[in-house]
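The next block holds one structure in the form of structure tokens; read it before the comments.
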Amino acid sequence: MWPNGSSLGPCLRPTNITLEERRLIASPWFAASFCLVGLASNLLALSVLVSARQGSSHARSSFLTFLCGLVITDFMGLLVTGTIVVSQHAALFDWQAVDPGCSLCHFMGVIMVFFGLCPLLLGAAMASERYLGITRPFSRPTAASQRRAWTTVGLVWAAALALGLLPLLGVGRYTVQYPGSWCFLTLGAEPGDVAFGLLFTLLGSLSVGLSFLLNTISVATLCHVYHGQEAAQQRPRDCEVEMMAQLTGIMVVASICWMPLLVFIAQTVLRSPPAMSPTGQLSRATEQQLLIYLRVATWNQILDPWVYILFRRAVIRRLHPRLSTRPRSLSLQPQLTRRSTMQ
């Protein structure tokens with residue numbers, strides 16, 4: 001409960017919006033259209049992924065498993081959060097009337113954190129898988145690659161869910177955010193709010209940073225092999241280039257969409273004097289900034305499937321005709337083997 005608002009539930013705090021403003025911006029059509037575009041994009045990518053998995057190699061099958069996990073996560077995130085947001089638009093953002101006990105708000109807060117962190121964590125897991133596949137091709141048994149990939153996806157989901165449940169255990173709080181259509185972590189000065197906000201930011205930023213580091217090494221290794229002395233015999237297979245192009249695109253999209261929100265959360269919870277008043281109120285500018293950064297982050301779920309759809313070999317060959325359409329029998333393994341015997 002907020003100090004001056006005994007009539008408000010634990011997730012409800014004062015917001016800078018009038019009833020007239022609610023009526024002006026409460027049309028659900030924009031939110032519904034945004035959600036439908038994202039769902040259609042992810043369904044299209046999922047259908048392409050299912051067909052691509054047939055007859056794929058062990059390494060590519062493992063990578064496609066991670067992509068399937070990413071697309072399923074993005075699809076479910078848009079479906080669940082979009083349904084709640086559209087319903088709140090239809091209710092004129094009157095969250096207290098719809099959810100006086102804050103059960104729906106707590107649920108939405110958990111899934112917002114879950115579906116927000118999962119793409120970043122999966123991007124780091126995919127970068128690690130490709131790093132090992134390119135630089136340590138003999139270090140992993142290929143027979144269990146697909147099963148191991150699904151296990152990793154499951155662990156990522158479990159880790160993101162565990163973090164999302166922390167506010168329900170007393171670490172941080174989920175509250176209704178401006179204009180009243182969604183719930184998210186609280187940008188307050190309470191120790192729990194600060195700890196949870198920084199934990200969310202740190203985990204997301206580390207995932208992006210790890211993806212950048214490992215992808216940079218993987219791309220450098222591919223370029224070294226491609227332009228090496230034995231490039232004519234030992235160039236990377238087209239699928240290696242395709243996977244790294246897709247993974248790099250996913251990393252760039254995630255960085256552009258999520259880093260502004262992560263930085264904003266860290267800056268706000270660490271601000272002195274606190275950005276949130278003791279009554280739970282944020283300035284209008286802060287609330288609008290948070291909404292804008294959240295909308296930018298949501299684009300990640302729409303753009304991810306298009307990265308896979310557009311960065312396939314058929315498209316890459318049109319942009320880079322030197323990539324042969326003939327399958328290559330040798331990848332990175334011969335070059336790395338020769339390098340190790342020389343040491």
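For all residues, glycine too, the Cβ spot is worked out from N, Cα and C.
Listed in TrEMBL:
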type	residues	note
TRANSMEM	29-51	transmembrane segment
DOMAIN	41-308	domain 'G-protein coupled receptors family 1 profile'
TRANSMEM	63-86	transmembrane segment
TRANSMEM	106-128	transmembrane segment
TRANSMEM	149-174	transmembrane segment
TRANSMEM	194-226	transmembrane segment
TRANSMEM	247-270	transmembrane segment
TRANSMEM	290-311	transmembrane segment
So which of 63-86, 106-128, 149-174, 194-226 is most in touch with the transmembrane segment (290-311), counting Cβ pairs under 8 Å?
63-86
Model confidence for the domain 'G-protein coupled receptors family 1 profile' (41-308), as mean pLDDT, reads 88
